[in-house]
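What Swiss-Prot says about this one:
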{"type": "BINDING", "residues": "H111, H148, H152, E211", "note": "Zn(2+) binding site"}
Amino acid sequence: MIKWPWKVQESAHQTALPWQEALSIPLLTCLTEQEQSKLVALAERFLQQKRLVPLQGFELNSLRSCRIALLFCLPVLELGLEWLDGFHEILIYPAPFVVDDEWEDDIGLVHNQRIVQSGQSWQQGPIVLNWLDIQDSFDASGFNLIIHEVAHKLDTRNGDRASGVPFISLREVAGWEHDLHAAMNNIQEEIELVGENAASIDAYAASDPAECFAVLSEYFFSAPELFAPRFPSLWQRFCQFYQQDPLQRLHHANDTDSFSATNVH
């Protein structure tokens with residue numbers, strides 16, 4: 001059994017958090033032991049700095065808290081926890097929730113409607129999530145609610161609103177915008193050809209640049225084999241920004257599994 005270095009109690013009365021069990025979700029199994037250790041260290045600090053607030057009867061236990069923290073910290077594994085500054089609370093509903101939405105049309109009329117949301121992220125406010133979709137974020141399917149909302153937070157570090165361009169050097173902005181819009185157009189063309197439900201990338205990515213960055217961040221971490229070959233130039237930009245290469249990580253994990261299987265006697 002691995003003796004995890006993070007299992008250090010803050011006091012004699014505190015029970016060690018179940019980090020090893022929390023790491024057992026499919027999304028995190030490709031991480032090396034060194035990466036897992038680094039991720040847990042970030043997640044421990046995350047839980048010290050942020051407040052998880054269960055709503056509408058949702059029950060939050062230590063395992064759920066650990067897994068939520070791990071998913072929040074995965075995108076900033078190499079960037080650093082300071083990239084998640086600017087909010088202090090995560091509100092968690094048991095299921096998708098209803099909100100009042102107000103929007104203005106092209107002629108200036110203001111409309112109000114109630115819509116169902118999976119999550120929300122405010123620039124200087126809390127992140128709102130729901131547990132059903134968090135659970136669906138544990139696998140490697142291309143869907144990850146927490147990474148989506150974290151991407152919006154990373155996006156807004158570059159200005160007053162999410163633009164689809166995170167905080168990168170000015171000389172890289174034009175190339176980023178070009179590749180992101182090319183990806184949006186490609187996704188839209190597929191939608192027009194096969195329909196939203198049959199599209200290989202979530203159709204929400206074609207709605208605007210901010211959502212494209214957030215959706216493709218989900219695929220970057222949880223389905224790199226779909227993202228990388230389809231948008232290779234944009235993939236390299238994501239690798240450079242996040243300072244991670246999930247596809248290389250996946251290939252290494254698969255090679256390790258294959259080697260282990262061939263050496264079983």
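Including glycine, each Cβ sits where the backbone N, Cα and C put it.
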### Message
Long-range neighbours only, meaning 6 or more apart in sequence with Cβ under 8 Å: which ones does E211 (Zn(2+) binding site) have?
### Response
G164, Y204, A205
### Message
Within 10 Å of its Cβ, which one of these binding-site residues (H148, H152) has the largest number of other Cβ atoms?
### Response
H148
### Query
Under DSSP, is H152 (Zn(2+) binding site) helix, strand or coil?
helix
